[in-house]
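Worksheet: the structure to be examined is printed underneath.
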Ligand SMILES: NC(=O)c1ccc[n+]([C@@H]2O[C@H](COP(=O)([O-])OP(=O)(O)OC[C@H]3O[C@@H](n4cnc5c(N)ncnc54)[C@H](O)[C@@H]3O)[C@@H](O)[C@H]2O)c1
């Protein structure tokens, strides 16, 4: 390994872990694949890693810690499940290795790279929220930058085929972690998240609906411009991220307020943004933009961490 390389390992050889590995193997940065770790020796992800010459272990995090050269690994991605991540963090936290958590365990602070990466670049454990969070939090942040968002609600629809057992075990964590990130990172005062696993065949492309309530008057042109600028930034790592149609604005005046069960009458504007995320088809076909929005965000974050760490040691 040269001083220009930054060795990483992935725990979890399912949909997310395998897609991320294929992106790292494609190159284009300092990251090198030091290991793919699973618990299922027959998994497609481990077989692909072996064919690509990537060291593997089916012994979970213990297998990773026992690998010769573990001390050369600078960062570990966790793509297993929220429950498993709690144990993995316990095992890794004292080793000094950086951890990027792609499950919704939310142990470390949330990272949505286009919104807040610089705030947390030195955190030992960073949480990448959820696929729905990576797709929608940037829009809430974009609206909130120009018109305070009192409530954000999002619906992410993904194809059933792209949701592995790890994702299915984490539906509650998805809704809780995403809703929290809409507030903590997006800036909304309140948030709610819904996920739909759509069994349609052929599978549907990832779609996201983002509702933002903005109290009082707002300048629609300014909001549209802020959303457009944010979409361009996300496209920097997910080219298939786009508006399905122009943002919609619906105004509720004092004569016709919107009734919200929890808070009562709302007077202001509802901004509705409809997004589609087409994937790069590195592992699953292009409908699974939900893989790409997560793995590309994690990859962009890891590359920034690598550059930051390398600057620190002066390489
Ligand atoms: N699929 C998506 O669209 C998506 C998007 C963003 C985030 N996520 C999150 O990523 C995680 C993985 O989702 P997935 O769809 O890839 O699930 P998956 O079931 O396809 O993959 C999980 C993998 O982790 C392995 N694993 C489980 N426990 C392990 C352990 N203790 N040690 C090592 N390996 C272990 C499993 O054998 C499996 O190969 C979930 O937490 C999910 O919420 C999924």
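The backbone N, Cα and C atoms fix where each Cβ goes, and this holds for glycine too.
TrEMBL entries are annotated by machine, without manual review.
Here's what TrEMBL has on this protein:
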ACT_SITE  131  active site, acyl-thioester intermediate
BINDING   13, 14, 15, 16, 162, 163, 164, 165, 166, 167, 168, 169, 170, 290  NAD(+) binding site
DOMAIN    7-123  domain 'Semialdehyde dehydrogenase NAD-binding'
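Here the features listed in TrEMBL are placed on the structure.
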| residue | record | DSSP class |
| --- | --- | --- |
| 13 | NAD(+) binding site | coil |
| 131 | active site, acyl-thioester intermediate | helix |
| 162 | NAD(+) binding site | helix |
| 168 | NAD(+) binding site | helix |
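With 13, 14, 15, 16, 162, 163, 164, 165, 166, 167, 168, 169, 170, 290 listed as the residues that bind NAD(+), the site has a largest C-alpha separation of 17 Å.
Residue 13 (NAD(+) binding site) and residue 131 (active site, acyl-thioester intermediate) have their C-alpha atoms 17 Å apart, to the nearest angstrom.
Within 10 Å of the C-beta atom of residue 166 (NAD(+) binding site) sit 20 other C-beta atoms, taking all shown protein chains into account. Around the Cβ of residue 15 (NAD(+) binding site), the number of neighbouring Cβ atoms within 10 Å comes to 25.
Of the recorded residues, residue 170 (NAD(+) binding site) and residue 131 (active site, acyl-thioester intermediate) place their C-alpha atoms 12 Å from one another.
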